[in-house]
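Worksheet: the structure to be examined is printed underneath.
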């Protein structure tokens, strides 16, 4: 490898690491701030950390193309200001040769992004879902608020009049809709919510259970003691149905071949997400290529050192915005997936064309 290429890469890599750490940390902190309320619910620091660290793969997957562009443009602009690019250009090095060091780095980042997209991203979301269910089940008692309708699970809502010490609750109402044909309401004077084998169970005292049967008839049952087991989502992680799974929990191969049992709108969203996982990592190469193509076309001028960077950034933002607009349409109509690939191909073609052909 030529010396100037090694020099360029040695300049790009440290800045790329710094920018990745800085930008990801800022976005990550904003996500963490939204979850700080969990400390008021008694969550342990280790459980909180295990939860928030699982968000990082998603952030990296989304941010890496933009981070790579920032690092590349910053280094190349510095090299131009210091006239090192000018010296190389006057010595016969063309634009495509100047861009190669950055493109090598971009290609490496693209491969990393594909690994995140294909393996780490779905794995982290599966674990994230599991951790959320673990926290919900094990801290459920502290998360229930007085005089508020608390949605414990998808089909169970609980109202508590008053919470006492020793995990005792007074004035309990439980709305149980797990059986859609026979919804029930339970009223209890008091009770406790305990965890047995990671399963939250209400132990109720002196109350009334009302239920409608399939014919709409109301049945009532009074009780002195009643136990209601809440569905433990964490124990059902491996049994999560196709309808309950989120798109980020699927691997790419699963997204491309969704289950026939799914509704058509869910199938379309999953297939669109699969192509997003395939297309977006490519922008780790395409966006730096396009940005450098625009940047290197501008001749050096002390008065307008910022203009090449500005036009390069605007070009990248325009292509990125078009991609996400088309991706949004594709999640509703799969015909727009071809437009997503076309946008990528056009951006790459323009970038390579501008790098290869000299400015007239």
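Note: Cβ is positioned from N, Cα and C throughout, glycine not excepted.
What Swiss-Prot says about this protein:
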type     : residues : note
TRANSMEM : 12-32    : transmembrane segment
TRANSMEM : 52-72    : transmembrane segment
TRANSMEM : 96-116   : transmembrane segment
TRANSMEM : 278-298  : transmembrane segment
TRANSMEM : 306-326  : transmembrane segment
TRANSMEM : 336-356  : transmembrane segment
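Long-range contacts of the transmembrane segment (96-116) within the same chain, counting only residues at least 6 positions beyond its ends with a Cβ under 8 Å from a Cβ of the stretch, are 4-6, 8-9, 12-13, 16, 57, 60-61, 64-65, 68, 72, 75-76, 85, 88-89, 280-282, 284-285, 288-289, 292-293, 296, 352, 355-356. Long-range neighbours of the transmembrane segment (278-298) within the same chain, counting only residues 6 or more positions beyond its ends whose Cβ lies under 8 Å from a Cβ of the stretch, are 61-62, 64-66, 68-69, 72-73, 76-77, 85, 95, 98-99, 102-103, 105-107, 109-110, 113-114, 116-117, 252, 304, 307-309, 311-313, 315-316, 319-320, 323, 327, 340-341, 344, 347-348, 350-355, 359.
Same-chain neighbours of the transmembrane segment (52-72): 12, 15-16, 19-20, 23-24, 27-28, 31-32, 35, 102, 105-106, 109, 112-113, 116-117, 120-121, 124-125, 127-128, 131, 248, 280-281, 283-284, 287-288, 291-292, 313, 316, 320, counting only residues six or more beyond its ends whose CB sits under 8 Å from a CB of the stretch. Only residues 6 or more beyond the boundaries of the transmembrane segment (12-32), in the same chain, are considered here, and those with a CB under 8 A from a CB of the stretch are 52, 55-56, 59-60, 63-64, 66-68, 70-72, 74-75, 101-102, 105, 109.
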